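Just below is one structure, and these are the notes that go with it.
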Amino acid sequence: MLAKSSINAPFAKSVLAWYDKFGRKHLPWQQNKTLYGVWLSEVMLQQTQVATVIPYFERFIKTFPNITALANASQDEVLHLWTGLGYYARARNLHKAAQKVRDEFNGNFPTNFEQVWALSGVGRSTAGAILSSVLNQPYPILDGNVKRVLARYFAVEGWSGEKKVENRLWALTEQVTPTTRVADFNQAMMDIGAMVCMRTKPKCDLCPLNIDCLAYKNTNWEKFPAKKPKKAMPEKTTYFLILSKNGKVCLEQRENSGLWGGLFCFPQFEDKSSLLHFLAQEKVTHYQEWPSFRHTFSHFHLDIHPIYAEMESTLCVEQANLDWRKVMESTKEYQSNLSSAVKYWYDPQNPEPIGLAQPVKNLLIQFVRNHYGKNSIL
């Protein structure tokens with residue numbers, strides 16, 4: 001599990017020489033490094049590009065300057081700042097891990113590898129990245145960029161997500177990572193993957209490893225790593241009810257598990273007739289269909305059909321008798337218990353700090369534009 005190479009080994013020497021000239025050294029989390037800041041950045045960078053992460057990281061650090069501040073925040077506050085970054089389980093795990101550090105480590109981020117790895121949302125590579133970056137502990141990493149560099153350099157066949165291929169790549173990253181200057185080396189490997197050995201159109205002529213890179217020698221870089229076996233993306237449909245009363249909109253909070261867990265969303269229906277039946281029950285006769293759109297998750301497409309209606313009754317949705325939340329019955333991720341869901345009238349003109357699913361946020365912005373004729377402050 002530890003780094004095994006010498007700093008003078010050809011691979012490490014070439015990587016570090018490149019880093020000294022071209023590596024990224026001015027990212028926000030690289031300045032005045034702390035375990036908390038690097039941990040936060042590493043979690044945000046999981047499946048998300050650096051340019052996207054930077055503004056989110058800066059907002060988080062400003063709002064929650066230390067791990068205790070994050071732990072003491074409500075989940076709604078955390079999800080609110082995460083809105084738009086996607087993969088919301090990361091935010092929930094981040095919050096859960098912060099509370100564990102507060103409660104079990106007196107608010108001090110652990111420096112033991114096993115303890116870091118045991119935190120919610122932290123895998124082996126993330127734990128190694130945190131401890132190597134801040135404390136220069138000799139732990140290798142294996143994120144997507146590093147996988148690509150190693151797969152091409154050593155011509156490792158197979159999809160990098162396959163267990164036996166991943167194990168092979170772990171053995172290789174242990175082999176090439178030096179026991180000193182580990183922080184610089186790991187950052188360099190990520191930078192080479194992001195800036196030179198890119199997924200498409202790699203700049204092989206500029207790569208410090210091209211002399212011995214097998215994919216470069218054989219001019220077949222596109223073979224490594226092999227693509228994930230393709231499966232057809234399922235297509236699903238849902239109907240959003242944008243139910244307005246006195247300029248406010250009814251939202252409900254989803255269960256913590258599953259898609260959009262813990263976020264506030266519009267009431268959802270599996271089909272249009274169910275939605276219209278609910279409106280009829282509430283004696284709402286006028287509605288407006290807004291343009292449909294597609295939201296794509298990592299494993300399926302969701303076609304969203306928004307329907308807008310105004311409600312004159314003083315009753316909020318939780319007082320309705322109709323169980324309108326039998327949503328997407330064939331999809332466990334979309335099942336919800338009406339009686340346990342948290343619902344309230346949300347004022348987009350004076351928004352509360354809650355987490356919103358990105359399609360919901362976009363529709364609320366459209367609601368403000370339609371209702372008030374101006375841009376939203378969301």
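Residue positions begin at 1 at the first shown residue.
Just so it is clear, glycine is given a Cβ too, placed from its N, Cα and C backbone atoms.
These come from Swiss-Prot:
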ACT_SITE  GLU42  active site, proton donor/acceptor
SITE      ASP143  site 'Transition state stabilizer'
BINDING   CYS197, CYS204, CYS207, CYS213  [4Fe-4S] cluster binding site
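Sequence features, as recorded in Swiss-Prot, placed on the structure.
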residue : record                             : Cβ within 10 Å
GLU42   : active site, proton donor/acceptor : 23
ASP143  : site 'Transition state stabilizer' : 21
CYS197  : [4Fe-4S] cluster binding site      : 29
CYS204  : [4Fe-4S] cluster binding site      : 16
CYS207  : [4Fe-4S] cluster binding site      : 21
CYS213  : [4Fe-4S] cluster binding site      : 21
- [ ] Do me a favour and check the Cα-Cα span between ASP143 (site 'Transition state stabilizer') and GLU42 (active site, proton donor/acceptor); whole Å is fine.
- [x] 10
Open item on the list: Rounded to a whole angstrom, what is the C-alpha distance between the residue listed as 'active site, proton donor/acceptor' and CYS197 ([4Fe-4S] cluster binding site)?
Closed with: 20
Task: Per DSSP, three-state class assigned to CYS207 ([4Fe-4S] cluster binding site) - done: coil
Task: Neighbours of CYS197, CYS204, CYS207, CYS213 excl. site residues, C-beta within 8 Å of centre, [4Fe-4S] cluster - done: VAL149, ARG152, TYR153, ILE192, VAL196, PRO202, LYS203, LEU206, LEU209, ASN210, ALA215, TYR216, TRP221
Task: Secondary-structure category, per DSSP, in which CYS197 ([4Fe-4S] cluster binding site) falls - done: coil
